[in-house]
């Protein structure tokens, strides 16, 4: 415990301690005068000098002091920004693969340039990871001036980037992008048909901004690339009508565990309704094996109705269900719940039910970022998750002192009996702040609550802005102006992370709006000066009013999210205030608070509208939050342990796939040998081979199924052992494939290698998709093994390994089957030959072609009967 306390709260707790960091900062400062005397060309040429030193044997640690000093001087010249000493400390922490906990407004964006520049000197690339496209684009353009001045290339990847743009960006020295784009590029690269079409170049060093959001909050959400699967979507609507007819006695809901299930009475009622609708066979039970799929429909419909709320967990936008991120409050467009839950929500909202998807490729952020050779991160809130950062990612969290002491006042919570009383008190508090022109940022946990508060403020005549997933387009502008005198901003958890709230307003953001219609440079300059002067006057007004006031309307499950909201106020020594208003009807206290506390509050005889402030209440709330945090950590640990098993298999499959892409030819001997061994073992039960019809006929039948040719029984008559049979079949397969290869020599060009590689890749992808689906099914029910006193994780490892061996064998068999049955038309058109040659260089020339469309080679056949055979 002592070591943990030192690690979390000792602000310079690394290496030799405080002196280690102070000494480095002192050495950097000592170089400042000399560097300031250099010309721009002399300063900016330091990069090539540093690379020469690295090539001569020096390390990045050796270059830390001069490199940081050069970056600071460059930032001063090109951006008029100079790194503070505490920012240098943050940069050192990042270089040493730590998490730098820096308060809001302390300049994390600028800090990242120090470690990114130093790391980029190796030439292997540095990835600076942000939470959204806006920040990635902004930071790459803003901080890119520093890197470019120093002769380094800077790239940016957003959701709209093309493959060509992505490949160019990954080749840059420093890349800014989001965690989602990086993760999906990794998955997409491992679905490509050629190395040339892959965009990523390796995993060297990642600096993760808002590291708690990416590595903690999103750790439970896997990255999934999916494709449609054939399943009756109409059933979701029919089952939805059935669930609507249920009464509270028919089901039980456990909000704490996010589960809903039928009671005994409910199961009987559902069974009768399903029978009357003809959805299950007469005489069968709801829980019979044959009805397990129908039970799945019912279960997901029940979850959709009883556990997921519109405007809290999701919104309906343009006829689609769009998921709301529970931690940021942002829309997660393009994301869909898996396992039929999204379809159940669409049926619940009476929307068009889209087809269900199956997983084509998946990974988790935990395993993705652990592939990097080096990783570090920045956030304003890391201390509460220090154990998890260390245990999962081997990252130490380090608190960086603020440049100026924090002046924000954090008031005690006010607790009310009902939610109605709480919101009335919140409105009264906002009105009082508004009277003295104190800007107020009101944090809510859902769209529904933010719009309720908006209605109440409108009735009181208070002008305000609302920032939630419905109105996210002007997020940066709204947050940037939330510090103007008398401004009232209602925001969900999204609250503009990455955008500072400047007291008095942000003149740059105001200028974008005010100057849009002015074309004269002189007028624009004069207007901008007016805006700067106005924001300075407004700042004085806000400071006199007490700075930005933060109002929390509910405690989040995680203390860290609450701290993030508080952290919007009091930036860089500004005054500020924060206060939370709670009620006994809030989800946290209702679901996780102890009954003892609730009983105690009721015994106090609180009157309507009366608030209570007591250390016991504060401690009870903190205990409830710790309880939820511990539960969520356990969930993430469990998910990681299971995904580690899948990740090992993912690495095996991706490595085998890359080996195929990296080699022009492939030796199929191992493949058909394993197929033949399995074939003979299934048919010949004894050590010795019996050429009787009972053994010979099944053997020949299997040979025909796999190789597509009739084998004469006489060929096997003189064989005596299983090994001899396998040996003969190996020779037979080798001869067959050599003949096939000869058939694929056309007009002097050998097309066999391309065709064989395409068969290998498509077959492996197909089997991996099926394997992922099987692993998902196994994982869903594996916890039931604990009833039999078995360790679910160990059982999962054993069965997953067995399934992998079976999958690889089926893959070998599929490849041999396809290669044996392939044909090449002798009168192939020039277009066909061109497409073969093009495909040998990378991406498929047939990508995007439906299997039932006519083949583009001009044969007139359907694609699936022509060149589509290479896509199977």
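A Cβ is built for glycine as well, from the same backbone N, Cα and C atoms used for every other residue.
Here the structure is a predicted model, which means the values were calculated and not measured.
What Swiss-Prot annotates here:
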BINDING   87, 105, 106, 107, 108, 109, 500  ATP binding site
BINDING   855, 857, 866, 867  Zn(2+) binding site
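According to DSSP, residue 87 (ATP binding site) sits within a helical segment. Taking the binding-site residues 106, 500 in turn, the residue surrounded by the fewest other Cβ atoms inside 10 Å of its Cβ turns out to be 500.
Of all Cβ atoms in the protein chains displayed, 25 besides its own lie within 10 Å of the Cβ of residue 108 (ATP binding site).
Residue 109 (ATP binding site) has a Cβ environment of 18 other Cβ atoms inside 10 Å. The maximal spread of the ATP binding site, taken as the longest Cα to Cα distance among 87, 105, 106, 107, 108, 109, 500, is 17 Å. Sequence-distant contacts of residue 87 (ATP binding site), defined as residues of its own chain at least six apart whose C-beta falls under 8 angstroms from its C-beta, comprise 106, 107, 110, 111, 114, 403. Taking the mean position of the Cβ atoms of 87, 105, 106, 107, 108, 109, 500 as the ATP site, the remaining residues of that chain whose Cβ falls within 8 Å of it are 102, 104, 110, 111.
Proximity of residue 105 (ATP binding site) to non-local residues of its own chain (separation of 6 or more, Cβ distance below 8 Å) is seen for 500, 571, 572, 574, given in sequence order.
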